[in-house]
Amino acid sequence: MKEVTVEADGGQGGAQGVQEKGTVRPDIHNRAMKILRAREPYNNGYEEVGEKPSGFEVMGWYLYEFCFYFVQTVLVPVVFPLIITQLQPLSSDSLQQWAKTHPGKHCSQKEIHLYSKLTNHTIRTSGGSNFSSLEWTSIAWATGLALAAPILGFVSFHLDGHFPKLILASATGIGVFFCLPAGFFKVTAIFIPYIAGIVAASTVATAAHTHHLGLMIRCFTGPTLKRSQFSIRQAVSSRLSLHATAAGCLGAAIISSFTYHMLRELNDNDRDVMSLWVVSIFSGLIWLVGVLHIVTAISRTTDSISFSSRLHPFSIFKYPHAVGGLAGVFLSSFTTMSIFTGGVIFIVGQLCIKPLHLLYFWLTYFLFPLVSLSLLQPLLHVIKMNSVKMQIVGFILSLLSSGFGFYYGHSHWKWGHLVLFGAIQSTATGVLHAFGRLLVLDCAPSGKEGAFSIWYAWMRAAGLCVGFTVGSVAPGRVRTAFGAAFCTAIAGIVVLLFGNISDVGGAVAAGHVREECERSSGVTGLDSKESARV
């Protein structure tokens, strides 16, 4: 018998020595096959990394975020409820009811009518139930989430396979299709499938978009890093995610400004949906422009996951750090949307501020992250903050804004208060969004980014839906929304602090990080030496 020791070192695998115990000639053919088999997984591991993303590809990914971020932050929670209100009858005594419930407040007649139609239960179903425009939107949003769930499970096999571009293009096309006819049929019931279709499509698009981020990060940093080099991955991923979030906020600012402009054109005495229908069409066309991203993207995946691997969509539950990250995503989405929705309703319905000041608040909320997030990125390396710590910072900022709103819920806010509130909460929203997805991707093993991204997309959409519902369920009682957001922000901090969640720990479990004593390897678990008896 002879002992053949094969050592893989820097891609130069070879037979380092052959110890012969006797005079029998070595089997050269068998020895060579052993060496090749030892080197094959090592080489293939590096082939799967793919080409390093070019600046053109990165800019294309930013473009899609710019053209898409506003869908679940402005289009669904703001534009569609306003369109639905235009189809609702106006009570003849709405002005008297307003004066009774808002003593001492002086608002324009147009503002009063808009707020009344938005919050009054004027939508009647055949079963005898009554809903407001905000509640109708919540029902449609939840329907879209129910539709998206099985679709995400199906596409997870192909996101990690050959068809991520096709999935992104198809989801975008379906979403745009439902944006275009939003005001054609002046029937309230039709908005259930409209909004549900947009929510389902945008959720699938979020999964595909997040999956591509995971691939780009892996190509920038390589498949495996030493623990001391994990800061390289953090720097690359945070730069990509923060810049994309800033681009998305810019797109949301444009849509919110256009929405405000078209609101001023509304005819208060007619079922005028044309003005806001234009906003929906414009939003759909901008979303469609984002499809250019698939032209810049490079395909880096191999064959689709076999359908015999039925548990592939549920593989995330084998990684506790990733599950904790999903909990943080849900709580952060709930918190930010509850504060935003409750805050806007409070500003419009309780403060009776000048309409132009509402525009200023929206611009502050969506444009301030361009400054705050851009300044934050170079500071991350200096202050040595990771994804978990940055999410805690985001929750703390949400605690400040929701606590401020809860404590001063019965006070009359001045313009400076609105600016401060918007600046703090917008920064919290941007930080939580940018680093929430990074924590999930840090925990995703190579080849399973799609399976993890579908859960991130659905949990984020679910958090936004529940947050919108809570923020709008009690108009006129803003403390309900701010109090709920305050509690969920505390829950998010507790989960991240005491849930044993770590981006480094998740990366180690996923195979992105190895211990210092390990040799570099293209595939997780490949030892530096392979021994075989001939």
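Glycine residues also receive a Cβ, built from the backbone N, Cα and C atoms like all the rest.
Those TrEMBL annotations? Automatic predictions, nothing curated.
Annotation source TrEMBL lists region 'Disordered' at 1-23. Here TrEMBL flags 62-84, 139-159, 166-185, 191-220, 240-263, 275-298, 319-347, 359-380, 392-409, 415-440, 452-474, 480-498 as transmembrane segment.
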Stretch with greatest number of CB pairs under 8 Å, the transmembrane segment (319-347) reference, 275-298, 359-380, 392-409 candidates: 392-409
Per Cβ pairs under 8 Å, the stretch of 62-84, 240-263, 275-298, 415-440, 452-474 packing most closely against the transmembrane segment (139-159): 452-474
Surrounding residues of the transmembrane segment (240-263) on its own chain - C-beta under 8 Å, 6+ positions past either end: 58, 61-63, 65-70, 73-75, 78-79, 82, 114, 213, 216-217, 275-276, 278-279, 282-283, 286, 355, 358-359, 362-363, 366-367, 369-370, 373-374, 376-377, 426, 430, 433-435, 437-438
Interface-richest range of 62-84, 191-220, 359-380, 415-440, 452-474 toward the transmembrane segment (275-298), CB pairs under 8 Å: 62-84
Considering the transmembrane segment (452-474), which listed stretch of 62-84, 191-220, 415-440, 480-498 counts the most C-beta pairs under 8 Å: 191-220
Among the ranges 62-84, 191-220, 359-380, 480-498, the one whose Cβ pairs under 8 Å to the transmembrane segment (415-440) are most numerous: 359-380
Any contact, the transmembrane segment (191-220) to the transmembrane segment (359-380), with at least 3 Cβ pairs under 8 A: no
Beyond the flanks of the transmembrane segment (62-84) by at least 6 residues, Cβ under 8 Å: 114, 118, 123, 133-134, 136-137, 140-141, 168, 172, 175, 179, 182-183, 188, 191, 194-195, 198-199, 202, 205-206, 209, 243-245, 247-252, 254-256, 259, 263, 273, 276-277, 279-280, 283, 286-293, 337, 340-341, 344, 460-461, 464, 468
Cβ-Cβ under 8 Å with the transmembrane segment (359-380): same-chain residues at least 6 beyond its ends: 234-235, 238-239, 242-243, 245-246, 249-250, 252-253, 256-257, 260, 340, 344, 347, 390, 415, 418-419, 422-423, 425-427, 429-431, 434
